[in-house]
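Only one structure is covered here, and it is reproduced in the block below.
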Amino acid sequence: MKTQIHSQHSAPPHDGSYDNEALSCSTIDITAPNSGEPHGGLRGSNEFILSDSGKKVTGDDQTGQLNMWLQRKARSAFSEKMIKKRLPILRWLPQYNSTDAIGDLVAGITVGLTVIPQALAYAGIAGLPAAYGLYGSFLGCIVYIVFGSCKDVPMGPTAIASLLTFQTAGGNVGKAILLCFLSGVVELLMGLLGLGFLVDFVSGPVSSGFTSAVSLIIVTSQVKDVLGISAKGTTFIEIWRNIFNDIHNVQVWDTFLGLTCIAVLLIMRIISGLKVGPADDELKSKNHRIINKLMWLIGTSRNAILVVVCGAIGYSFQASAVAPFKLIGDIPPGLPSLKAPPFSLTANETMSGTEESFMEMVSSLGSGLIVVPLIALMENIAICKAFSNGKPVDATQELIAIGLANIANSFVQGFPGTGSLSRSAVNNASGVRTPLGNIYTMALVVLSLLFFTPYFSYIPKASLAAVIIAAVVFMVEVKVVKPMWRTKKSDLIPGLGTFIACLALPLEMGILFGVGLNVVFILYHAARPKISVERLTSPGGAEYLIITPDRCLIFPSVDYVRNLVTKQSIRQSLPVVIDCSHVYGADFTAATVIDSITQDFARRDQPLFFYNLKPSVCAIFEGLSPADFVVYYREEHLDDLLKQRAYKPKEVISA
């Protein structure tokens, strides 16, 4: 017996209108009085649409529709709202005032004192001369002022981007600069195409595992400078193996200076958080506020203070012709020349001693052309969310901003950069008001390049290594383990898997492994929906079994659902109702399984009904015209359906 409560499909009328077939599986009668038409005459028209000019555009007029779409896009792109959205400076600059200027000045100078020593140190992580860290720290700041949407982001080199640059470019200056340019191009294209959503595929646990692993790799890469030895490598295991192989060459003075600098930086970090006077700010005296501000400023500027002091120590030893420390060496004075990034390398610029064309350079950069932009976006979005105070973050605009900034940096020999979380925290704590704070940071970097580069050469490598270690060690996200364990323990698996993979493999392979592991978990949960089974009694007194899946029926899960339905129906030997209240989607595979299930129940002469099935899902199941496919929407209809089937309970079959 075949029971259907659907209206029959019919050919579309000649006038181009259509019936809403999704309503045809409902038992609710919405026929209008005296209309005689299905669904009360509710119809939709696909004959034509009207353009803004009032002209009729028929469904067959593809050229007209395309022209209309282009016109709408053009109007949208050049509308005042879109222009202000893509040039955020137009929103805040007209309201700029003296209070904003003071806040930006203080924050910009404070961040500048942080970025200079960090830029020198991060160049070492990237395997490049120290000057290139400064080269990538000023022009991008100007670009971000115009296009950036977050006031707290200071554009420049970061620890993670520097490590990725080293793993991708291998310490080759030309390739690092080209990587900066191409990363900017990729980021800009992603922004124009609206691909900012790609970062959503990197879950919190995977991001935490990646960040923690990168932090340990960076710390490991700086151990050699603290010990004063040579130990190269790109992965965590490789670096430590080389350190142990060269451990007999440890330099005592470098080690002493490095460990002392780390201790001093950690102490100064603690000082920045100390407060004197009453706990209530309103009860603090003027002297208390001055002392607290001074301690905060000293703690915040600890990197600059340490580098200046160590540079003076290095200079004093150098003047006496006795230099017990390894120094960073000469830095070319002045600003870098403005020129296009290298699109080919001469024999003298390559490790192999042979020329490389543009395509060969791109090929050698490999997956870094995708990984570097994505990780840069992740870092930047994390900063924007951290300081957005709940406001939405425009990932597309941030991609455009950091893309243009990296393209600009490549023309002054910079390597890839993005927003730095540590410098953003300093920026925010310093009271930054608008992105214009970047201009003061840029000014300090330019001044240092013009006047102070001769003195930078006396800075000991161990002190820069200490700056990196003291900053990066706090990026290891141990604090997320406990809440993750409390909320969902299984999330620890992709997080821990990413952490281990990034330590053992190149970073791009590690994060790909983490994302893949996360996708496997998602697919597993999709393939194993939670299904509740209850034995209930209908209003008429008939017992039945109700089975309720908690999500969509799609190809990974349908066999699991079918096996459970079959097992329970045979064991209970009762009418079965599948409650589809939570089934918001289905696919062809699910439709074939539903067809098979209805046939199995028909052969056993066992009633099977579907309750509260969504019209869109119902239409998918109806596509295969399954036998005895019955849908109802009111509980009281169940007894009527059982009477129609003349159902009589059978003896329970033991499983």
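Just so you know, glycine gets a Cβ as well, placed from its N, Cα and C.
Just so you know, TrEMBL annotations never went through curation; they're auto-generated.
Per TrEMBL, compositional bias 'Polar residues' is recorded for 1-10.
Annotated domain 'SLC26A/SulP transporter' per TrEMBL: 103-493, in sequence order.
For 545-627, the entry in TrEMBL reads domain 'STAS'. Summarised by DSSP class, the composition of the domain 'STAS' (545-627) is 39 helix, 15 strand, 29 coil.
Residues or ranges marked as region 'Disordered' in TrEMBL: 1-20.
Residues 129-134, 136-137, 154, 156-159, 162, 297, 300-301, 303-304, 306-307, 328, 415, 420, 422-423, 426-427, 430-434, 436-441, 443-445, 448, 456, 459, 464-465, 467-468, 471 of the same chain sit 6 or more residues outside the transmembrane segment (101-123) yet have a Cβ under 8 Å from a Cβ within it. Residues annotated as transmembrane segment in TrEMBL: 101-123 (among others).
According to TrEMBL, the transmembrane segment annotation covers 129-147 (among others).
According to TrEMBL, the feature transmembrane segment maps to 176-199 (among others).
According to TrEMBL, the feature transmembrane segment maps to 256-274 (among others).
For 294-317 (among others), the entry in TrEMBL reads transmembrane segment. Tertiary neighbourhood of the transmembrane segment (294-317): same-chain residues 110, 113-114, 116-118, 120, 257, 261, 264-265, 268-274, 276, 323-325, 327, 426, 429-430, 455-456, 458-460, 463-464, 466-467, 471, selected by CB-CB distance under 8 Å and a gap of 6+ residues from either end.
The transmembrane segment annotation in TrEMBL covers 358-378 (among others).
Per TrEMBL, transmembrane segment is recorded for 439-456 (among others).
According to TrEMBL, the feature transmembrane segment maps to 462-481 (among others).
For 493-524 (among others), the entry in TrEMBL reads transmembrane segment. Outside the transmembrane segment (493-524), and at least 6 residues removed from its termini, the chain residues within Cβ reach (under 8 Å) are 163-164, 167, 201-203, 205-206, 208-210, 212-214, 216-217, 234-237, 367-368, 371, 375, 480, 484, 556.
The transmembrane segment (439-456) shares more Cβ pairs under 8 Å with 129-147 than with any other stretch in the list 129-147, 176-199, 256-274, 462-481. Residues 126-128, 132, 136, 165, 168-169, 341-343, 361-362, 365, 368-370, 372-374, 376-378, 381, 394-400, 402-411, 413-417 of the same chain lie 6 or more positions beyond the ends of the transmembrane segment (176-199) yet place their CB under 8 Å from a CB of it. Between the transmembrane segment (462-481) and the stretches 129-147, 256-274, 358-378, the greatest number of Cβ pairs separated by less than 8 Å involves 256-274.
Within the chain carrying the transmembrane segment (358-378), a Cβ under 8 angstroms from the stretch's Cβ atoms is held by residues 160-161, 164-165, 167-169, 174-175, 178-179, 182-183, 186-187, 190, 196, 198-199, 202, 207, 342-345, 395, 398-399, 402-403, 406, 416-418, 507-508, 511, all 6 or more beyond its ends.
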